[in-house]
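J.: Dropping a structure here in structure tokens format, bear with me for questions.
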Amino acid sequence: MKFTILTIFPSSLESYINSSIIQKASKKGLIEIEIINIRKKPWQQVDDYAYGGKSGMVLKIEPIVEALKEHQLLDKHIVLLTPTGTTLKQSLIKDLVKHKHIVMICGHYEGIDARIENYISQEISIGDYVLTSGELGAMVLLDSITRLVPNVINQESLQTESFDCDLLDFPVYTRPQEFDGHKVPDIYLNGNHKEIEKFRLREQERITKEKRPDLYNKYIDKKRKNLKYKNS
């Protein structure tokens with residue numbers, strides 16, 4: 001799978017993609033990452049004042065579209081990272097991983113000339129908050145998609161992750177068995193894997209109900225629908 005990231009600050013991405021799982025996946029040839037500097041020359045102007053008056057600068061459309069054309073990217077799946085986009089969720093990430101080549105456009109300042117809408121496939125937001133750098137959103141998207149690329153992460157690990165079944169993950173423990181009076185639950189020490197699985201599911205349900213009732217209600221609705229389908 002290939003990722004192309006259009007940015008005016010390529011150095012802000014380099015340290016991240018050269019570390020951890022992203023670097024390993026790249027070295028194994030499971031993913032390919034291309035970073036394109038929209039600003040071809042140091043003195044090139046890539047932003048300007050907004051028509052109608054607005055504080056801050058707006059990224060110009062010309063250098064972005066020129067980069068898309070020059071690198072033959074207009075026929076790829078182009079994602080604009082913007083607060084007005086669809087909120088990123090695990091279900092959306094599963095759809096994105098189906099694409100062979102994803103292009104990300106990183107916004108800055110007060111946004112990008114709105115005419116960019118004519119050249120993109122999708123708008124995505126990583127959450128209801130404001131960032132100074134679109135590169136942060138690109139890194140979130142890159143990481144979340146890469147984890148689902150086959151052979152990047154152990155398949156068994158993926159199946160038990162938070163959000164994959166509309167439940168948060170269960171609590172995990174390691175040595176020592178007791179620390180500062182706090183003990184690992186006894187069930188983890190008895191070696192009965194079936195009972196451990198049941199316990200973990202109960203913990204997932206409990207934690208999700210307490211911390212994310214919206215997810216828990218979604219989970220319960222799916223269980224009811226599945227039960228109704230089996231009984232029909």
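Cβ coordinates come from backbone N, Cα and C, glycine included.
Pulled these features from TrEMBL for this protein:
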BINDING   Gly107, Ile126, Gly127, Asp128, Tyr129, Val130, Leu131  S-adenosyl-L-methionine binding site
DOMAIN    1-218  domain 'tRNA methyltransferase TRMD/TRM10-type'
J.: Can you tell me how many other Cβ atoms are located within 10 Å of the Cβ belonging to Val130 (S-adenosyl-L-methionine binding site)?
T.: 6
J.: Can you check which residues sit near Gly107 (S-adenosyl-L-methionine binding site), meaning Cβ under 8 Å from its Cβ, same chain, 6 or more apart in sequence, and list them in order?
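T.: When sequence neighbours closer than 6 are ignored, Gly107 (S-adenosyl-L-methionine binding site) has Leu59, Leu80, Leu81, Thr82, Gly134 within Cβ distance under 8 Å.
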J.: Select one residue from Ile126, Gly127, Asp128, Tyr129, Leu131: among these binding-site residues, choose the one with the most other Cβ atoms within 10 Å of its Cβ.
T.: Ile126
J.: Within the same chain, and leaving aside Gly107, Ile126, Gly127, Asp128, Tyr129, Val130, Leu131, name every residue whose CB is within 8 angstroms of the centroid of the CB atoms belonging to the recorded S-adenosyl-L-methionine site, in sequence order.
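T.: After dropping the recorded site residues, what remains is Pro83, Ser125, Gly137.
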